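Engineer: From TrEMBL, for reference:
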- ARG145: N-linked glycosylation site (CARBOHYD)
- ARG145: site 'Required for activity' (SITE)
- ARG152: site 'Required for activity' (SITE)
Amino acid sequence: MSAPLADQLDIVIPTIRNLDFLEEWRPFFQPYHLIIVQDGDPTKKIHVPEGFDYELYNRNDIERILGDKAWAISFKDSACRCFGFMVSKKKYIYTIDDDCFVAKDPSGKPINVLEQHIENLLTPSTPFFFNTLYDPYREGADFVRGYPFSLREGVPTATSHGLWLNIPDYDAPTQMVKPKERNQRFVDAVMTIPKGTLYPMCGMNLAFDRELIGAAMYFGLMGEGQPIGRYDDMWAGWCTKVICDHLGIGCKTGLPYVWHSKASNPFTNLRKEYKGIFWQEEIIPFFQNVTLSKTSTGVEDLYLELADKVRKGLGHIDPYFSKLADGMVAWIEGWRLLNPPKAA
């Protein structure tokens, strides 16, 4: 199996259970370094199959490393994965949930997710003008007639958002009315999400350029002690998309697929999502209309500016958003602690 960029990419996995699912991924993941973020009880021993190169962090490690900023990393929620983004030293990150397995393409061939994600990240994005043949850099495709030549060089790609077969990524109300629905449509396409368009980013099959956008890939305050759950990855998606648009870099969605094996409980999910379902009707217009200062070009500074705007623009909805803005600031402080600027 090919292992592109094996020395430049970390795989981040949040988990509360033994990682036996890695056996199925062994042909694809074994050449890479894994960062495992153990959620829940830190005294519980998690089994990792032999032969993988990994480091494992639990809640005690997070508190030891981040000190008074550790509160910003969610507890009892898969949002804890973003601690792995913070401690990584690699250029690229791939993150996957432990209930996702190897999917097969329509010919029956197992899908090498890392190969496709890396291809997505290494080829340019086209956020300023939509190409009707989707990804123009793909073999067998090109820019269609009428596409401006001045835009054909494209821009760097920050995020590659992969999809899922079998169990769809639905919210609780949709799960309840379609409990037996399964996604069996393999759409053989990758596209750039246009500038000015938000999307619901899912963290279960996601890759990104850590150097380009990692400092904004904060998966919010969720889980224990918080009034909301299951919005961690979407929050990161809205924040990163706004910053990518500001910086003129791209986000892609489409291939590769994973096989999502089990549906979470819709009643549990509704309890977690309930407030978010109402809040998102104000959150999304906020992100659609937010503007960042033209003088800011660094992701860390832009994220701090966005945190201030969240506090002022969303704080009226609920005190949670002021706390979330504080978490965004603490996240950047933690990021800078572990990722000091490189000497010129």
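Placed from the backbone N, Cα and C atoms, the Cβ positions cover glycine too.
TrEMBL: automatically predicted annotations, no manual curation.
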Engineer: Whole-number Å distance between the CA of the residue listed as 'N-linked glycosylation site' and the CA of ARG152 (site 'Required for activity')?
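Structural biologist: Answer for this pair: 12 Å between alpha carbons.
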Engineer: If you count other C-beta atoms within 10 angstroms, which of the recorded positions ARG145, ARG152 is the most crowded?
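Structural biologist: Within the set of recorded positions, the most crowded position is ARG152.
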